[in-house]
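Novice: Pasting a structure here, questions to come.
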Protein chains: 2
Amino acid sequence: MPKNALYAQSGGVTPVINASAYGVISAARRHPDVIGTVYAAQNGILGALDEVLIDTAQLSDADLAALKTTPGGAFGSCRHKLRHGAELTRLFELFAAHDIGYLFYNGGGDSADTCLKVAEFAQYHGYDLTAVHVPKTIDNDLPHSDCSPGFGSVAKYVGTAIREAGLDVASMAASSTKVFILEVMGRHTGWIAASAGLAAQDNDAAPHLILTPEVAFEPGRFLKAVKETIARVGYCTIVAAEGTRDAKGTFLSEAGGADAFGHIQLGGVAPILARLIKDELGHKCHWAVADYLQRAARHIASATDLAQAIAVGEAAVEFAVKGQRSVMPAIIREDSEPYRWRIDAVPLHDVANREKPLPREYLDADGWRLSAEGRAYFAPLIVGEAPPPFVDGLPAYPRWQFSHLPKKLIPFERG
Amino acid sequence: MPKNALYAQSGGVTPVINASAYGVISAARRHPDVIGTVYAAQNGILGALDEVLIDTAQLSDADLAALKTTPGGAFGSCRHKLRHGAELTRLFELFAAHDIGYLFYNGGGDSADTCLKVAEFAQYHGYDLTAVHVPKTIDNDLPHSDCSPGFGSVAKYVGTAIREAGLDVASMAASSTKVFILEVMGRHTGWIAASAGLAAQDNDAAPHLILTPEVAFEPGRFLKAVKETIARVGYCTIVAAEGTRDAKGTFLSEAGGADAFGHIQLGGVAPILARLIKDELGHKCHWAVADYLQRAARHIASATDLAQAIAVGEAAVEFAVKGQRSVMPAIIREDSEPYRWRIDAVPLHDVANREKPLPREYLDADGWRLSAEGRAYFAPLIVGEAPPPFVDGLPAYPRWQFSHLPKKLIPFERG
């Protein structure tokens with residue numbers, strides 16, 4: 001009798017996380033003799049603890065196809081660090097009650113760690129569970145995978161945004177705003193900020209300066225570069241990572257409290273830079289903070305990223321069917337030009353809770369722009385368009401309301 | 001002997017201002033017996049004063065076609081209020097030196113005023129000039145035109161952005177961010193903010209609350225609405241116009257100095273609202289400021305807007321050829337469903353320096369959401385996609401370097 005599977009989305013969503021859900025569910029449907037039903041946890045692991053499960057058998061083929069074109073998390077995601085003890089035990093009560101033998105956990109580095117813990121708990125207690133982590137993060141900081149599904153689409157968004165804004169600034173700089181700053185995400189890494197460098201066809205094209213956490217921010221050096229760029233080009237466009245920090249590691253902006261994992265919420269670097277430039281150089285600045293817009297911009301997703309998001313979902317199921325446990329499907333680059341990639345299984349031990357910083361050599365000597373090596377890395381990830389359907393002028397995204405499975409367990413009191 | 005034409009872009013650029021340039025230039029080429037060469041002023045009226053002119057005969061058919069798909073101002077724009085006296089006189093020296101008998105001035109309300117002043121000066125001094133204003137502004141605040149070219153594309157951008165971000169927030173609100181704020185442009189009007197309301201398929205869909213300058217901001221009423229929305233929907237998404245102000249007319253944010261027209265530079269409403277919600281309701285907020293991204297987002301332009309931008313450019317030339325002076329091609333709505341429109345000439349006297357506020361009845365009783373009437377107005381303006389070509393994953397926008405006409409005048413010392 002085939003065991004059922006649990007699929008859960010975890011952490012910040014991406015423009016293509018649902019494409020991985022599509023990959024998992026559609027691949028599982030091709031192995032009915034091995035995998036029974038795929039249950040999706042409503043709102044990630046919290047839904048699992050609360051036994052709020054969605055039987056994905058209710059998704060029609062059209063629903064499945066729509067997963068490929070809808071941003072956000074179709075089943076809901078969460079930021080919750082699974083606790084040892086009561087929570088982990090509860091999860092296995094859920095597994096037992098719903099005959100779950102497969103876990104497909106779709107998330108980033110924190111989630112890989114959770115997935116591994118669940119797998120280890122199962123092994124220790126002799127519970128027959130195949131746990132596979134499905135990679136996802138716009139931050140691109142997962143080790144052992146050449147890139148992370150979600151990242152390529154965000155890179156395409158920020159590249160498009162700074163190229164477009166750059167043309168806007170260029171056309172008015174002679175008499176108006178000379179400096180434009182775009183703040184992008186990326187947590188403690190500069191992957192997203194650096195990827196915007198793809199938009200620059202030459203040294204005078206936007207973005208002129210990229211700020212990453214990997215290169216310590218020095219106000220004097222920065223202001224000098226802004227000044228020189230304005231003198232040379234007539235204006236200056238800047239892409240700043242939210243995690244931009246100085247040599248001591250102090251973030252330019254610490255906008256709020258910490259999340260469930262103890263991460264500080266970043267944001268607000270752009271207005272701080274604008275103030276610095278205004279005060280020190282006297283230039284009025286315009287600035288934009290893309291925030292969730294970049295992370296949800298399915299309308300300008302990368303077709304390459306979409307294909308990889310689907311592929312890791314499908315591969316996770318294929319690995320599980322073959323009996324591979326505690327692994328993550330990783331994207332392996334075979335060549336950059338022409339771009340070729342495959343998917344390999346890497347042990348979760350090697351992935352969990354580790355951040356992959358942007359290699360310094362992906363930036364030029366100054367750290368302001370992409371090096372040739374960096375460009376070669378990023379270029380293929382944004383290639384191809386995969387727009388969603390549009391109805392009445394807007395992307396047509398379904399707003400699913402799924403019915404939930406009847407509960408079998410007594411309610412769980414979360415601490 | 002046909003007289004030459006001067007085309008100049010003025011004020012903030014739009015995703016489709018170059019489509020109007022295409023309309024003017026291509027229509028003028030169809031009347032070689034009436035209009036000689038179209039000269040474009042580099043950086044708008046400043047280029048005219050400095051005698052930095054581009055002979056658009058150098059634009060190939062492919063260049064002309066590319067104008068339709070490129071944001072920013074291809075010939076450069078500026079914010080400069082033309083001064084009576086020396087500047088106005090200088091302009092007519094330029095006209096005489098380059099045998100210019102037609103002025104096509106592509107801008108918003110301020111520019112319409114400038115265009116009118118030039119026309120009046122010509123008439124007073126007996127200079128044979130046909131001045132036609134080509135409308136453009138993302139703010140949609142030009143009177144007598146049903147909408148302004150540029151606006152529909154920005155409306156499509158903000159509608160897409162808030163729908164996408166709304167799905168992102170929805171998928172994580174159970175355990176993470178419950179409030180998202182998107183700040184949009186629009187100066188003193190709420191046209192752009194209100195248009196985002198198209199994204200809401202029903203009362204529980206994003207955007208939940210729209211803040212416009214036309215509805216006085218009251219913190220207590222706003223916080224109550226945020227609280228009620230979170231209680232009902234589980235989260236709350238807000239679109240705030242940069243010009244949001246209280247009953248006394250005080251802007252929530254006055255971020256910088258005034259521009260050449262004495263307008264205060266707005267911006268920074270989103271972080272202020274985020275702070276208010278955090279302090280008073282205790283909710284962590286995410287916020288985005290779209291700034292130039294919305295104004296340059298040619299990648300998601302409205303096909304309807306694009307068609308109208310081209311049409312007003314072409315109509316300006318046709319009006320001029322027929323001898324109509326000091327007019328503006330205005331878009332007249334004939335019907336909303338199905339949407340039908342035509343272009344009529346309206347006297348510049350009726351347009352110059354007047355702002356058209358968002359009608360209060362386009363919002364519901366609370367002022368938070370679109371009324372049926374508002375929806376009927378906005379809906380057709382965002383219809384249709386007209387993506388630019390993409391190369392290597394990014395929109396392919398030319399970076400023109402135009403050669404300039406040999407100068408005939410002595411240099412002009414701007415005051």
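We number each residue from 1, going along the chain as drawn.
Just so it is clear, glycine is given a Cβ too, placed from its N, Cα and C backbone atoms.
Since we're looking at a predicted model, the values are computed, not measured.
As listed in TrEMBL for this protein:
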DOMAIN    A:7-319  domain 'Phosphofructokinase'
BINDING   A:Gly12  diphosphate binding site
SITE      A:Asp110  site 'Important for catalytic activity and substrate specificity'
SITE      A:Lys136  site 'Important for catalytic activity'
BINDING   A:Thr137, A:Ile138, A:Asp139, A:Met185, A:Gly186, A:Arg187, A:Glu242, A:Tyr292, A:Leu293, A:Gln294, A:Arg295  substrate binding site
ACT_SITE  A:Asp139  active site, proton acceptor
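I would like each feature placed in context: is it buried or exposed, what are its neighbours, and how far apart are things?
Specialist: In the three-state DSSP assignment, the secondary structure recorded for A:Gly12 (diphosphate binding site) is coil.
Its own atom aside, the Cβ of A:Asp110 (site 'Important for catalytic activity and substrate specificity') has 21 Cβ atoms within 10 angstroms in the protein chains shown.
Under 8 Å, Cβ to Cβ, and six or more positions away along its own chain, A:Lys136 (site 'Important for catalytic activity') finds A:Gln9, A:Gly11, A:Thr14, A:Ile17, A:Ser20, A:Asn106, A:Gly107, A:Gly108, A:Ser148, A:Pro149, A:Gly150, A:Ala309, A:Val312.
Taking the Cβ of A:Glu242 (substrate binding site) as centre and 10 Å as the limit, one finds 28 other Cβ atoms among all the protein chains shown. In the three-state DSSP classification, A:Glu242 (substrate binding site) falls within coil.
A:Asp139 (substrate binding site) is surrounded by 26 other CB atoms, counting those within 10 A of its CB over all protein chains shown.
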Novice: For the binding-site residues listed here (A:Gly12, A:Gly186), which one has the lowest count of neighbouring CB atoms within 10 Å of its own CB?
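Specialist: Minimum Cβ neighbour count within 10 Å, taken over the binding-site residues A:Gly12, A:Gly186, occurs at A:Gly12.
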Novice: Suppose we call a site close when its Cβ is under 8 Å from a Cβ of chain B; which of the recorded positions A:Lys136, A:Asp139, A:Glu242, A:Arg295 are close?
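Specialist: Cβ contacts with chain B under 8 Å: A:Arg295.
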Novice: List the residues of the same chain that sit at least 6 positions away from A:Leu293 (substrate binding site) in sequence and have their Cβ under 8 Å from its Cβ, in sequence order, or write 'none'.
Specialist: A:Tyr157
Novice: Give the distance between the Cα atoms of A:Gly12 (diphosphate binding site) and A:Arg295 (substrate binding site), rounded to the nearest whole Å.
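Specialist: Their Cα atoms are separated by 8 Å.
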Novice: Mean pLDDT for the domain 'Phosphofructokinase' (A:7-319), as a whole number?
Specialist: 94
Novice: Could you find out if DSSP has A:Lys136 (site 'Important for catalytic activity') as helix, strand or coil?
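Specialist: The three-state answer is coil.
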Novice: Could you give the maximum C-alpha to C-alpha distance in Å for the residues A:Thr137, A:Ile138, A:Asp139, A:Met185, A:Gly186, A:Arg187, A:Glu242, A:Tyr292, A:Leu293, A:Gln294, A:Arg295 that bind substrate per the record?
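Specialist: Across A:Thr137, A:Ile138, A:Asp139, A:Met185, A:Gly186, A:Arg187, A:Glu242, A:Tyr292, A:Leu293, A:Gln294, A:Arg295, the two farthest Cα atoms sit 16 Å apart.
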Novice: Can you grab the distance from A:Asp139 (substrate binding site) over to A:Asp110 (site 'Important for catalytic activity and substrate specificity')? Cα atoms, rounded to a whole Å.
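Specialist: Rounded to the nearest whole number, the Cα-Cα distance is 12 Å.
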Novice: In whole Å, how far does the CA atom of A:Asp110 (site 'Important for catalytic activity and substrate specificity') lie from that of A:Thr137 (substrate binding site)?
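Specialist: One finds 10 Å between the Cα atoms of these residues.
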